[in-house]
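*Asks:* Before I ask anything, let me first share the structure, which is written out below as structure tokens.
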């Protein structure tokens, strides 16, 4: 199955519309930039001897940016082409990352991370509706999975280069903290390169509905919006409770050095890439909802392993499998969400999801940081809490989205029949 998925990727890339292909390369650059910051920001702040509560607050400010802008961005994107949004998001996030280590105080870094959250969220809200407009029913699953895989594969390069660079620069710059500062600043270059690719996108088509019809359309589909949003909020809260502190988990429990953590993170991105490429196969065999639920449940034992193991090889294995499984649901969810949501409401659906995802990542890091500070860095509490959130989310996904999947399957069959008749 994996070999088939890998062999089909070049054909999918060739058959993609030019706008989607340009997005793919820009998204890869953004993935590399995000990998560097995700891999080393928390570790860098820890090296600067900030408390876990301060690190959690810093991480949550990115999510406050999501909460602030996701829904306004959704309403704007429902009437505007995506190219300018992609370019602006890449430019802003690139500049923020470049200047972040040079800011004079933690408070200024809070503000910068908030702005980065704004930019990355607008970028996120635009992705799924844009890809939906530039794909056909028959190749949509492959394109969505390839888009996620390309971004993640670029993250492999970003994390690997970052880990090597920190180790290489530590002696010349006088310490790991200074070396990590330089690498975080360099992450901005990846995002700025992404802006050049995004500028090549030709997307003149506005996103389906005029402004006067958006609110009535949203009101008539509130139930559908909630069905997708509720499980994602639980997943976001669980993720926010442990993922921001995985760098410090490996740093403090196992004394993993900077280059080792970078290579471990890069290895996780490789497995995530394989997971993304396999999602069309999972869809063919199990359908949307069963695929998501089975993948989510399969990840839970690995969080338990992370909670209790004192063996670095076991922790590394659990970390790699957890990332590959949980992230594999993203293209499946986006595909179902775009097919189930009517024109003009798709951007709002992604905006609602991004808002609740942001709320979850605001709450999670803040609470987790306080838990670590008050329990002497007991990471097992973080991992087990995440298990509870993810298990509940899997149950809600099954209960809320089965009927949605059945309706989508009927609509797709009807469209194919109409094309065959025509």
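Cβ atoms are placed via backbone N, Cα and C, with glycine included.
The domain 'Major facilitator superfamily (MFS) profile' annotation in TrEMBL covers 1-405. The transmembrane segment feature in TrEMBL is assigned to 21-41, 61-78, 85-103, 109-132, 153-171, 177-201, 222-246, 261-283, 295-321, 379-401.
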*Asks:* Could you tell me the mean pLDDT the prediction assigns to the domain 'Major facilitator superfamily (MFS) profile' (1-405)?
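*Replies:* Summarising the domain 'Major facilitator superfamily (MFS) profile' (1-405) by its mean pLDDT gives 85.
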*Asks:* Cβ under 8 Å to the transmembrane segment (85-103), counting only same-chain residues 6 or more beyond its ends: which ones?
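*Replies:* Same-chain contacts beyond the flanks: 23, 26, 29-30, 33, 36-37, 44, 73, 77, 109, 112-113, 115-116, 118-120, 122-123, 126, 181-182, 184-192, 194-195, 198-199, 201.
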*Asks:* Counting Cβ pairs under 8 Å to the transmembrane segment (21-41), which of 61-78, 153-171, 177-201, 261-283, 295-321 comes out on top?
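*Replies:* Selected stretch: 177-201, with the most Cβ pairs under 8 Å.
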